[in-house]
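Database features, via TrEMBL:
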| type | residues | note |
| --- | --- | --- |
| ACT_SITE | H164 | active site, proton donor |
| ACT_SITE | E302 | active site, proton acceptor |
| BINDING | N63, R64, H164, P165, Y166, D237 | beta-D-galactose binding site |
Amino acid sequence: MQVYTLKNKSIEIDFIARGGQIISIKVPDAKGNVADVVVGYDTIEETLNGDAYFGALCGRYANRIVNGEFEIEGEKFQLDCNNETNHLHGGVDGFNRRNWKVSAVEIDRYVQAYQLSLVSEDGDQNYPGKLEVSVIYGLTDDNQFVIAYEAQTSKSTVINLTSHPYFNLNGAGNGSAMNHELLLNASNYTPISAELGTTSGDIVLVKDTPFDFTNTKTVESACKTDHEQIRMFDGIDHNFVLDDFDGTIKLAGVLSDPESGRKMEVYTDQPGIQIYTGAHFDGSEIGKKGAPIIQCAGLAMETQIFPNSPNYEHFPNAILRPGEKYKHVCIYKFC
Ligand code: BGC
């Protein structure tokens with residue numbers, strides 16, 4: 001499997017065609033010490049056999065759809081339930097498992113860029129419509145790693161694409177990211193219903209809850225609390241509702257590591273961001289540097305629309321119709 005590289009004067013990003021998986025992002029700290037800041041494996045072979053969501057492009061609908069069911073214009077669709085009773089990240093054969101077509105492209109704003117494309121046929125995983133997807137991975141000279149998605153469909157369908165790297169700014173394999181500091185421009189979040197296994201449909205203020213990251217605080221300070229929403233998933237696995245959403249690109253959050261001093265800003269034009277502290281990592285798998293992948297080995301920051309949006313009228317629109325263009329930009333900027 002070929003490894004593609006995006007490189008500027010200080011940063012190097014490697015990815016593969018399977019799932020568009022980002023397998024490493026090498027970033028210097030202030031003293032010039034370079035670390036690979038995404039959770040993963042040391043070899044391609046382990047990557048291909050390991051957790052197929054690490055650094056991968058997820059779709060056609062990233063995150064959960066309750067019971068795998070949705071309806072468009074009166075027609076009912078049933079997707080597979082690959083996450084207990086829910087559909088997760090596009091199903092058993094999601095976009096993270098596909099071999100994307102990769103080509104180098106020249107775009108003015110990037111030092112280097114690749115286009116990843118995929119055709120998902122009508123009926124793929126039971127989703128309606130033939131969906132044509134293009135994702136640009138671009139690196140600017142000021143250390144912005146830009147992921148720009150576009151898609152169009154032949155029939156009305158649902159769509160929510162995202163990228164799934166887990167960040168540990170102290171270097172993957174160097175312990176947990178619990179000590180990282182997080183700021184989120186989100187005054188609300190979508191709590192989870194234990195019964196549904198995903199958002200209840202409520203939109204709740206973060207004020208006076210552990211989910212209040214409107215002022216910078218450590219991930220650990222939220223995860224250590226006894227709040228029932230934290231205990232339910234042994235950490236954070238929640239969608240945050242970004243403030244002042246208007247479809248333009250805005251700062252969604254800032255992650256920083258006090259130990260190395262590395263800092264990453266996340267920008268998006270999407271209404272939500274899923275923060276996941278990796279509760280399912282239990283140390284039984286070996287990752288980079290031969291170190292066990294422990295809980296919160298890294299933190300996922302997935303820009304997207306809200307979970308189960310196709311089933312909630314008051315959630316952002318998840319339907320893409322023929323003639324429309326799905327657009328989504330996510331920027332991870334290393335400062
Ligand atoms: C979800 C987690 C899920 C994980 C799988 C995340 O996006 O929020 O609940 O376990 O993906 O890798």
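The backbone N, Cα and C atoms fix where each Cβ goes, glycine too.
Other Cβ atoms within 10 Å of the Cβ of D237 (beta-D-galactose binding site) number 20 in total over all chains. In this structure, the CA atom of E302 (active site, proton acceptor) is 13 Å away from the CA atom of R64 (beta-D-galactose binding site).
Put simply, N63 (beta-D-galactose binding site) is 11 Å from H164 (active site, proton donor) when counted between their Cα atoms. Among the binding-site residues R64, P165, Y166, D237, the residues whose Cβ sits under 6 Å from any atom of ligand 1 are D237. Counting only same-chain residues at least 6 apart in sequence, those with a Cβ under 8 Å from the Cβ of Y166 (beta-D-galactose binding site) are V38, V39, F54, G55, A177, Y276, G278, A297, G298, L299, A300.
Looking at the residues that bind beta-D-galactose per the record, N63, R64, H164, P165, Y166, D237, the two CA atoms farthest apart are separated by 18 Å.
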